[in-house]
Every structure is written in C-alpha cells, then in structure tokens.
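One structure below.
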Ligand SMILES: O=c1nc[nH]c2c1ncn2[C@H]1C[C@H](O)[C@@H](COP(=O)(O)OP(=O)(O)OP(=O)(O)O)O1
Ligand SMILES: [Mg+2]
C-alpha cells in the first residue's frame, strides 16, 4: 500500500495547522491547509455535532480540491455550562475571536469553585476521498481538564490559556508542542487515525484502480 507524502488538512485555523504539520511530519508526511488554497469555495458549518461538521468540511473540500482531505471539528465542552460552547466554540462570542471567546467563558462561569470547573476538549477527525462521502474514515479524541479563572501561558491558540491539565500541572498554553500533542484531544484522535488510515487508504486506491 502506498501512503501519500502529502495530505491536505481542511482547516483555516493556524493553531490547528501548526499542530497537524508537526504530527504528520512525524508520520513522514507534509501537509497543505486551506491557507494554501485561498480560492477554494468555503462551506458553512451547519452540522449538529462535531462529527457532522468534520464530515461536512472533509467531503466539501475533497470535492472542491479533488484530493483526499482530512478535516478536524473540535471544541470545548464545559460541565457547568451544560456542554457549551461545544460545536459553537469558534463563534461563541463572535466569529473566531479567541480573546472574546475566552472572556465570555470566564463571565459565564462567574466565580464557580474549582470542583465545578471541569471541562472536556473534543476533536473529531474525518478523512475523505473525493466524491466518495460514504467511505469517510472517522476517529475522535477527548481530554479532561479544568477551566482557570485567569488565562495562563503564551500559546495563542483558542481556549488553550484557560484549559488546565492537572496531570502535568499546566495549561495547554504553557506546554511545548510535543507535550500538548502527547495528551491533547487532537493528539489522541491523530494516533487513532494513524492506526486506521493505511488500510483505509489502500482500500480507496484499490477502488479507484
Ligand atoms: O487544541 C485546542 N486548543 C485551543 N482551542 C481549541 C483547540 N481545539 C479546538 N479549539 C477551539 C478553537 C475554536 O474556537 C474551536 C474549534 O472550531 P472549529 O470549527 O473546529 O475550527 P476553526 O473554525 O477554528 O477552524 P476550521 O473549521 O477551519 O478547521 O475550538
Ligand atoms: Mg470552523
């Protein structure tokens, strides 16, 4: 079976792009992202679950680019907010404004004590072959943590400065890329994808031949 040296990850988020570049490099692959295809037609994330949105993005961009594509839909589910912002994480307080989103989380959680600040980061990854939406490969990963009352750390990706991971005693924004990939929702999903994609890929290529 022949795995490609290059894969398109259908994301416009530079934080995700950075993490995927590193993780795929370890698997011997380089990636392109939507930042490399500025003219690609966009898609609205109208799904009702991480899985639906990841599938929507993967299928749309596989068709649009006529290439195999991986997509990630992810977000933060806060216990005390009944799972919000969840699939609305990117647009919780305004479109893709990380600072405003973080500020809104802090306001909504008010002065809740530490034992009521639990949260889950979720990532669903979908690998899609152009125009064959029924054979998507789907994996997911989750990690538990606590929402701090004050942001901590320099990594500027999304909710990372608020997400404290007790086993390492720091927030995702205070971790090295290796540390974060080692424990994160996206890292877990990625390792599940790595186990499954060679067989999946071979089956798609066989189908095409
Ligand atoms: O590891 C993470 N560390 C911090 N924040 C994170 C993480 N993972 C997801 N998040 C946040 C970012 C965004 O507010 C939302 C994802 O929304 P989501 O639609 O999947 O991504 P996006 O719109 O930023 O980029 P795109 O859809 O082009 O991949 O959750
Ligand atoms: Mg999005």
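Residue positions begin at 1 at the first shown residue.
Glycine too: its Cβ is placed from the backbone N, Cα and C atoms.
TrEMBL: automatically predicted annotations, no manual curation.
Going by TrEMBL, these are the annotated features:
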- 11, 12, 13, 14, 15, 16, 74, 157, 158, 159, 160, 180, 185, 186: substrate binding site (BINDING)
- 73: Mg(2+) binding site (BINDING)
- 73: active site, proton acceptor (ACT_SITE)
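All protein chains considered, the CB of residue 185 (substrate binding site) has 24 other CB atoms within 10 Å. In this structure the C-alpha atoms belonging to residue 185 (substrate binding site) and residue 73 (Mg(2+) binding site) are separated by 11 Å. The most crowded of the binding-site residues listed here (11, 74) is 74, judged by how many other CB atoms sit within 10 Å of its own CB. Summary for the binding-site residues 15, 158: the Cβ-based neighbour count within 10 Å is maximal at 158. Under the three-state DSSP scheme, residue 158 (substrate binding site) falls in the coil class. A distance of 13 Å separates the Cα atom of residue 158 (substrate binding site) from that of the residue listed as 'Mg(2+) binding site'. Here the candidates are the binding-site residues 13, 15, 160. The one whose C-alpha lies nearest to that of the residue listed as 'Mg(2+) binding site' is 13. According to DSSP, residue 13 (substrate binding site) sits in a coil region rather than a helix or strand. Sequence-distant contacts of residue 13 (substrate binding site), defined by Cβ-Cβ distance under 8 angstroms and a gap of at least six in the same chain, are 90, 96, 157, 158. Annotation for residue 160 (substrate binding site): spatial neighbours 15, 153, 171, 172, 173, 180, criterion Cβ-Cβ under 8 Å with sequence separation of six or more. Around residue 73 (Mg(2+) binding site), taking its Cβ as the centre, 26 other Cβ atoms fall within 10 Å, counting all chains.
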